[in-house]
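J.: Pasting in a structure now, in structure tokens, and then I'll have a few things to ask.
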Amino acid sequence: MRTGAPILADYGPAMTPAASKWPGITRFWPLVAGVLLLTLLWFGPLPESAQGSFAAHMALHMGLVVLVAPLLALGLARAFPGLIAGLSPAVAIAASLVEFVAVWAWHAPALHDAARADASIFVLEQASFLAAGILLWASAIGAVGAGRPAARAAGVVALLVTSMHMTLLGALLLLAPRPLYACAELCSPAAALTPLGDQQLGGVLMLLIGGAAYLTGGLALLASLLREQTPSGRTG
């Protein structure tokens, strides 16, 4: 029976002879890439723009949870394969609940307006998005490495549930007939978009990036689970 470890090839492709000269670089490139991308996002224009634009705020959020978080999670899985692959299936479900609470709580009008008006609250908000994202992606990656059907099934559920609730929130932001946040009127006096248009653009970003990324991850994990259940998968 094939297990998750061969499928992942130690959470990544096998090193070529040339790459084996720098095993640290090739093995931990996701961690390095995640840190570099986090640095670019955080010290780039988005954090400042996010104070006056809901769409920029959403772009930063999406960059953290669908780019930085999976890279860091994959890097941690390579650094600590036994720990990540040994996560209980319950961790993936709990991680999806943590992600749900973080996303919906911070998009409640009172907390969102506070984050856009206060830099320290803004940092806390984005840090919670990143932490929840890393936990969720790490639990899903660990489910693949574990090679246990129950673990993979939990990873599938966690990612698909996250995709669904992000799609729902994105649709709510897109279809709302009026701005949902007071800060839309206070923080964007010189914005090119109207407050409602800015909010709608943010909703589109959540739909197209957030919902799609978690859906893709969930379907990929589901495909690996189904392959394992076929006769060829069990004997390959």
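Here the Cβ of each residue, glycine as well, is placed from N, Cα and C on the backbone.
According to TrEMBL, the record shows the following:
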TRANSMEM  28-46  transmembrane segment
TRANSMEM  58-77  transmembrane segment
TRANSMEM  84-107  transmembrane segment
TRANSMEM  127-146  transmembrane segment
TRANSMEM  153-176  transmembrane segment
TRANSMEM  204-226  transmembrane segment
J.: Go through 28-46, 84-107, 153-176 and flag the stretch with the largest number of C-beta pairs under 8 Å relative to the transmembrane segment (58-77).
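T.: That would be 28-46.
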J.: Look over the recorded stretches 28-46, 84-107, 153-176 and say which has the most C-beta pairs under 8 A to the transmembrane segment (127-146).
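T.: Maximum Cβ contact count belongs to 84-107.
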J.: Near the transmembrane segment (84-107), which residues from the same chain, at least 6 beyond its ends, have a CB less than 8 A from one of its CBs?
T.: 4-5, 76-77, 115, 125, 128-129, 132-133, 135-136, 138-143, 145-148, 150-151, 153-155, 157-159, 161-162, 165-166, 169, 173
J.: Mind checking which residues of the chain, 6+ beyond the ends of the transmembrane segment (28-46), have their Cβ under 8 Å from one of its Cβ atoms?
T.: 12, 56, 59-60, 63-64, 67-69, 71-72, 74-76, 78-79, 130
